[in-house]
């Protein structure tokens with residue numbers, strides 16, 4: 001009788017612990033939705049500040065020089081550069097962790113899902129780039145062809161929550177997978193096409209350090225401090241190489257261990273035995289007053305950590321700082337453009353503006369939905385349950401929200417072209433708002449007809 005009671009209590013303890021473990025996709029969606037709210041708030045502040053009587057103080061703040069010196073060595077950069085070249089590396093590191101998880105255990109782990117997502121994402125990148133290039137062919141502004149390729153995952157999922165009751169949950173997972181592949185494409189574009197002069201020595205040093213991390217992962221090294229120190233050195237070498245340092249963030253993330261040190265079956269056995277031992281020794285379950293129980297609880301914690309993966313732990317640890325701090329700071333430093341009727345008119349008349357607006361709205365729509373139709377027609381891939389081509393058309397409009405990544409690419413491509421950069425940022429905002437509204441209206445219309 002007592003044994004049955006202990007077994008029941010043990011199961012209850014384990015059940016309560018397991019109830020705290022949520023599905024990775026659910027956690028990802030919730031984090032991205034929260035991120036969209038903070039991003040929106042920071043964007044509104046930046047726009048208000050840049051268009052108010054305090055606009056001069058805004059420009060002074062983002063161009064404030066910060067740094068330190070030791071003897072003759074001096075490291076100094078503007079606040080905007082610190083955010084774009086430093087803090088955003090952490091965002092891209094988190095992005096790399098998410099990409100690795102999706103490839104190993106997420107939507108991209110299954111071949112049939114992977115084929116459809118890759119085909120749709122390729123269409124959603126190539127078509128906008130071609131449309132932009134058509135408007136800017138042989139012009140200096142042609143360098144901005146990568147701007148309309150990107151999708152802002154946080155804003156896209158945030159917008160989708162407005163119609164979440166009217167769309168299949170599998171559509172949200174589809175867009176998450178689509179955005180992940182899209183991010184991979186954007187990262188490759190940044191690494192290959194938005195790199196100026198390359199220092200081969202520094203680039204080889206960065207590659208060697210990242211390769212060393214990969215070997216360490218294979219050898220079973222799991223200490224966070226080790227990966228942090230070598231990772232910072234790789235970031236510095238990448239920064240000096242001429243390749244944008246955010247590329248280092250992604251590649252370092254791919255070396256982070258994704259396998260647990262302790263199999264889940266063994267961890268459950270050990271946890272059960274420890275809980276049973278605690279129950280057998282004493283009825284006093286007070287951890288504070290009972291040193292033995294305290295030590296046993298620490299053992300359970302140690303086993304639990306060994307049963308989880310460094311990749312998931314670090315992803316969870318970075319999620320909140322990126323959502324609450326890094327992405328809003330990026331929006332605050334980069335979204336402050338002067339907007340008025342004349343700036344919107346200039347955007348729709350300028351080749352850069354025409355290329356970005358057409359690329360994000362029409363390019364994403366034609367590219368993603370067209371690629372999906374092609375894949376279905378020739379049986380190359382399949383859609384998730386309850387998702388049809390009409391849903392994909394709505395999703396392709398939502399994918400035209402390119403705020404964060406598009407703005408980031410615009411700052412790389414037009415860093416020394418003030419007019420083009422201003423038009424690009426204004427056009428990204430305008431196109432993102434328009435395509436979000438169109439996507440919401442279309443998905444709502446489709447749901448009423450279903």
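Backbone N, Cα and C define each Cβ position, glycine as well.
A Cβ distance under 8 Å defines the sequence-distant neighbours of the transmembrane segment (35-55), meaning residues of its chain 6+ beyond its ends; these are 152, 154-155, 157-159, 322-324, 327-329, 331-340, 403-404, 429. Here Swiss-Prot flags 35-55 (among others) as transmembrane segment.
Taken from Swiss-Prot, the feature transmembrane segment applies to 79-99 (among others), supported by sequence analysis.
Feature annotation from Swiss-Prot assigns transmembrane segment to 117-137 (among others); the stated evidence is sequence analysis. Long-range Cβ contacts of the transmembrane segment (117-137) within its own chain (Cβ-Cβ under 8 Å, at least 6 residues beyond either end) map to 107-108, 144-149, 151, 174, 177-178, 180-182, 185-186, 351-352, 354-356, 358-360, 362-364, 366-368, 370-372, 374-375, 380-381, 392, 396, 399.
The annotation transmembrane segment is assigned in Swiss-Prot to 143-163 (among others).
Long-range Cβ contacts of the transmembrane segment (173-193) within its own chain (Cβ-Cβ under 8 Å, at least 6 residues beyond either end) map to 25, 28-29, 32, 92, 95, 98-99, 102, 106-108, 113, 117-118, 120-122, 124-125, 146, 149-151, 153, 156-157, 160, 243-244, 246-247, 250, 368, 383-384, 387, 392, 395, 398-399, 405, 409, 412. The feature transmembrane segment is assigned by Swiss-Prot to 173-193 (among others).
Sequence annotations record features per position, and here Swiss-Prot assigns transmembrane segment to 198-218 (among others) based on sequence analysis.
Nonlocal intrachain contacts for the transmembrane segment (224-244), taken as residues 6+ away from its ends with a CB within less than 8 angstroms of a stretch CB, comprise 85, 89, 93, 190-191, 194-200, 202-203, 205-206, 209-210, 212-213, 216, 251-252, 255-256, 310, 314, 412. Sequence annotations record features per position, and here Swiss-Prot assigns transmembrane segment to 224-244 (among others).
Annotated transmembrane segment per Swiss-Prot: 320-340 (among others), in sequence order.
If you look up Swiss-Prot, you'll see 356-376 (among others) marked as transmembrane segment.
Taken from Swiss-Prot, the feature transmembrane segment covers 392-412 (among others). Residues 39, 43, 84, 88, 120, 124, 144, 146-152, 154-156, 159-160, 167, 171, 174-175, 178-179, 182-183, 186, 189-190, 194, 244, 327, 330-331, 334-335, 356, 360-361, 363-365, 367-369, 372, 383, 421, 424-425, 428-429, 431-432, 435-436, 438-440, 442-443, 446 of the same chain lie 6 or more positions beyond the ends of the transmembrane segment (392-412) yet place their CB under 8 Å from a CB of it.
Long-range neighbours of the transmembrane segment (423-443) within the same chain, counting only residues 6 or more positions beyond its ends whose Cβ lies under 8 Å from a Cβ of the stretch, are 43, 144, 147-148, 152, 155, 159, 162-163, 166-167, 334-335, 337, 339, 343-344, 346-348, 350, 352-353, 356-357, 359-361, 364, 391, 393-395, 397-398, 400-403, 406-407, 410, 413-414. Swiss-Prot lists 423-443 (among others) with the feature transmembrane segment.
Scored by C-beta pairs under 8 angstroms, the transmembrane segment (320-340) has its highest count with 79-99, from the stretches 79-99, 143-163, 356-376. Here the transmembrane segment (356-376) has Cβ contacts under 8 Å with residues 115-116, 119-132, 135, 144, 147-149, 151, 178, 347-348, 382-383, 389, 392-393, 395-397, 399-402, 406, 424, 427-428, 430-432, 434-435, 438 of the same chain, all six or more residues outside its ends. Remote same-chain residues near the transmembrane segment (143-163) are listed as 29, 32-33, 35-37, 39-40, 124-125, 128-129, 131-133, 136, 171-172, 175-176, 178-180, 182-183, 185-186, 189-190, 193-194, 323, 327, 352, 355-356, 358-360, 363-364, 398-406, 408-410, 413-414, 420, 424, 428, 431-432, 436, 439-440, 443-444, 447 (criterion: CB distance under 8 Å, separation of at least six residues from the stretch ends).
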